[in-house]
Structure formats: C-alpha cells, structure tokens
C-alpha cells in the first residue's frame, strides 16, 4: 500500500511539473514569512532571484558597458492553496494531451473584496470580462538558444558575461490579440531600485508583519526580468530605455540602441496619437528614468544635453529636481527656464507655487539637484511637494485633454537609499511611493477609464528583511547618512575626519559607539585610490553600511558593492502591479521590454515608428508617419519647413501650397494630382488629413524640392539630403 501511495505521489509530482505548476505553500505561523525557490509568497509571487554586479547607477555617473545574459521563463500556473489571514484560493489546471483547461477561483483580499482570477493556458483562448484573449506567450515555442527569441548562450568570465554589443536580441514577445476595452489614460509608476526586499522592509516597518503595502492589494501581479543588452545586471538608463521604448540597450545609454539608432518611447507615440503627456521624478528631471521617455544620448551623464532635448519636446507636465541643468551656467548662456516660460509653461519651485499652478503646461524644478529624502525634509525645513502632491497636480493638468493622457511617476530615491543600505530611508521612500500609487489607483477608480501600472526598473543592493534585523533601532534613526555628513569635521592636515566628529554622528543619530579602530577603518574607506575624499553621497554609503551591519540588516556587502559598476544593483526580478482598464494582461513573468509593448497594444498605437532625418537632423511630428500603398506619408508642414519651404493652407479650397525660392507646389486634399510651377505631377497616394495634420508621400515632398531620399527598411529611417 505504501509503495502504491508513493508511486501515486510521484505521478502527481510529474504531472504538476509537466503542466508548469507552481507549488504554493501556506504562510508559516512564526514571525518570519518564509519562501523558497519553487514556492510562492502570500500574494502568489514566485520567489526566484538572480544576483549580478554592476556600477553606481545614479549620481551622474559615466558608466562602462559590460555584457548581457538572461533566460526567458514561461508562465506558470499556481496550485490551490490557503494563506493564513487572507483565505486566498489559488488556481487549478488540468492537462489532456496538448490542450489544457482553466478554472476560476475567488481571491478575498484584506478588505474582503472579491477578485476573479482566470488562468490563460496554452492553445485555448479564454474570455475574461467579455474580452477575447489568447495565451500571452507559449513558452514551449521559445528557443532559449536562439538570439532572436532569447539571449544566446554566452560564457561568463570574471563576473561579466561575454557577448556582442551591437543590436540587442529581442526577447520573445507577448501577443495581445484583441481587447474591447482600451484605456483612455495610462499611469505608470516606477519605484527606482524597488525590489521584494525593499517592499518587505517598508511593510514590516510601517505596518508590522501582518500588514500590507497598498501595492500588494492591487488585483493583478507579475514579475519582470531586467537584464540589459550588455550585462545581466542593468543600470537605470538601460532599464528606463527598456520600459520606455521596448528595446534593450547597453548600460549608460538612453533612448538609443547599442549601435546608436535613436528610439521613440511610449510617451512619444502616445503624444503623437493626441494624448497629453507628463512625468514626475524625485530625482532630477534629466536623470536616467525620466530621460528614457524623451531623450536619446549615448551617456546618461550628459544632463545638460538631456535638458536641451527636453526643451525641444512639447511635454505637458515636467516635475522633479535638477534646476541646475537649466541655467545659463550649464547651457552656454541660455536660460532654459525662461525659454520654457516663453513657450507658455507655468514655472514653480515649491509646494505653495505648485498647489496654485494653473494653465495647460507646467514645469516644476524643486531643487538644484535631487529632491530631498522624505526623512530629511523636516530637518531641512524643505518646501518641496511630496510625490503624491506632484502626482495629483500632474493628473489635474493632464486630464484636460479629450484624447486622454500618459503619465510616468518615479519614486527615485528608494534606489539612492538602498545604495547606502539606509533602511530607515528605504522604508520612508517606499511608503511615499506606495502612497502615490494609492492616489493614482483611487483616481483611476473614479475615472473608470484608466490603466495604472506600478513597477520597478531593477533591484538595488540585494536588500532583505533579515531575521536578526533590529527594526526598532533602525526605525529610530531620524535622518539619512548623507545628512549626518554635515556634522563631520574634516582635518585637512591629517586628511581625515576627526575621530570625535565620527564617533559623535554614530552616537547621536544611530545610538552606536564606535571604537578607535572602527573610526580608522571608516576614514580609510572614504578616500579614493588617489587618497582624496570621495563625494558626500559615497561617504553616506559608508555611514549607512556601518549602521546596517551593526543592526544586522540584510544588504550586499561593501566588497561586492565596490566591485559592482552600478554600485550595487542586482539581477533579481522585480514586481509589477496593475489595476484598471487592461490590467488583466499583466500576469506571469515579463521581460521589461514587454511592458511598453503591452501598453502600446492596449492603447492601439505602434512603437515601431518611422523616423525622418533632414540633413542628419531628426524631424519630429505631431502625428505619426504611416505607410500606405507602399508609400511613406508624413505630416507635410514639418518636413517642408525642415527643407526650408513655406507652407500655406487654404481651408476653403482644401489646398496646400509649398513655397521655396522660385518653386511653388500646390495640391488638393484627396486628389492624386499636384502642380509644380504649373506642371502637373501625379501622386501615387493622394494627400489626406489625419489627426488634424495634412500627410503627403514623403518622396514627393522631397523630390519636388530637389532633395534625395533614402529609406532603411530595417531601422525604418528615412534620410533626406539637400
């Protein structure tokens, strides 16, 4: 009998393995919520992590490119299980030959809300909420050794992964076949550096072991892989580019492919589709994550150039720090802030001005550099708005358009706090981000036509809620390590901080008594290879690490951080939470490039845009160019003006006249005939009006003025030279 039972048990295990089951374990009754590989946590999120190495990501670093590697994971379906306190029923599935059927289950969250979950299984379409979908990805059809479907096999050497640094291989994509409901508005919130560990620390510190962050109550949950084109650990530039453009690039690069081709972002294409667009960041407005949505540069460190590119865009709301990059001192005598005002932007610098702001376009720069940490604001008597206040004003401004809007909201300083192993600030910054997510979700519920996606770009420092961590002592720390540096006294002759001042800050702010040996070690670590003092934020890293070590908080050790070009990023997967219209598409394990692809599909736009360059300068359009009858149609005004022609429009006769020198071209909407200096020309595709703009065959416009036109099918780039 025992042998029969054992055999039956093995058969069940094999069936579960073959069907892609995820064994969900119940929450352990002790104080620690334990999860191991192959199990899911209380919210059904599989805990599988890969830790890598990279470079200091933020703080205006010029990074060195490494190499990339990764592996696609097929979606998995969880077993039925019980979770203590949540009474959560998971999902079941059955296998028969190659066809699988799904069942629905009820999830009771903390508020008693009922949520129906439906499994999307291979080969059989399902119909949740009246919309027809098919499985988002068939993992069995992905060849992990095929560079077109995943990352090709590459050899790791010395912590780096060797491979090509040209065009990054595309991960196998999710295909959303149909949806009856398209969100009018899209809000993407990014917690920079936010991993599962950061969330767990914030949850424990804020709500206790039985509490929840608001994000964890959102109905749809997924995970995201984050590798870049040239390293298995990403920086924020490559991660931001993936989340914004759906393309992998090398670390430090923004808005371009590894071989330098310019990319358009989801913000760009939604703006061309008529939506209002805006972003918020507690970092500089020109830092990696926000810049990925509007800039194209080879290095994220060039924030002066990024500010100039931001000015060239017509983004409706811009809120963040980094005022210094817009000043005449950084812009060759040009005051970009005044230029923004001339374009009709309201300009604000503090919370009071933000609350009173009116108009159609808004620029808010609340600090010369980064915005202040939440934990330091009272000590600094800061007049900066909170992330939630900036989110509220952004939605107020963007909601004025008839076509909807796209907003990106970044809680940037979670990452900065994690670099310093500053657990008190990880807690505070994550809670501030969580508050902004709640505001956005509540707003979206009232609106009824909005998608909200809250996610992370990468994890920082391998943060964990370690068992011996002294939560009470860490919560009691009143300021950031960077703030503590203010109280240190530098002895120029000895090239070190005085022992008294070092001991004082640890005693005053962290209730720690350092020995003379520990003070000496600290003073050694804050000098670079040339014996010079490192920047203030790096001194803060050392202070934070000492405090974290003293109170047994789980974080990457200083040796690994020092060897990491990103300053401590990891390759761990990060969470995605979604609610609202189209949120049900966010399930399973994503690649980060799939996020904007799904958003684009839901919104009905195409991220693969046609790019036009006139004399090597990019021409940007209010509406997207399109291909019709094998001809590229572009908005006539932008290209004509780039060629030096004047454009005149006659509303009564629906005619367009182009004037350049002694050349006059006249054409009529809907007709395939045009006149060039009185001579009749034939257009293979007639002029037409789309989105309030007149579109003409590009080759006709260019050749009418004697320009040469080249088309690159692979990159969808048109080059016009005169």
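Backbone N, Cα and C define each Cβ position, glycine as well.
Small disclaimer: the values here were computed from a predicted structure and weren't measured.
Binding of Zn(2+) is annotated in TrEMBL for 192, 415, 419, 457, 458; the matching candidate from 220, 569 at the same site is 569. When averaged over the domain 'Copper amine oxidase-like N-terminal' (614-720), pLDDT in the model lands at 85. Counting other CB atoms no more than 10 Å from each candidate's CB, the recorded positions 236, 289 peak at 236. Residue counts of the domain 'Copper amine oxidase-like N-terminal' (614-720) by helix, strand and coil are 14 helix, 54 strand, 39 coil (DSSP-based). Nearest by CA distance to residue 236 (active site, phosphoserine intermediate), out of the binding-site residues 415, 419, 458, 569, is 458. Residue 192 (Zn(2+) binding site) is 7 Å away from residue 410 (Mg(2+) binding site) when you measure Cα to Cα.
Cα separation, residue 192 (Zn(2+) binding site) to residue 289 (Mg(2+) binding site), rounded: 8 Å.
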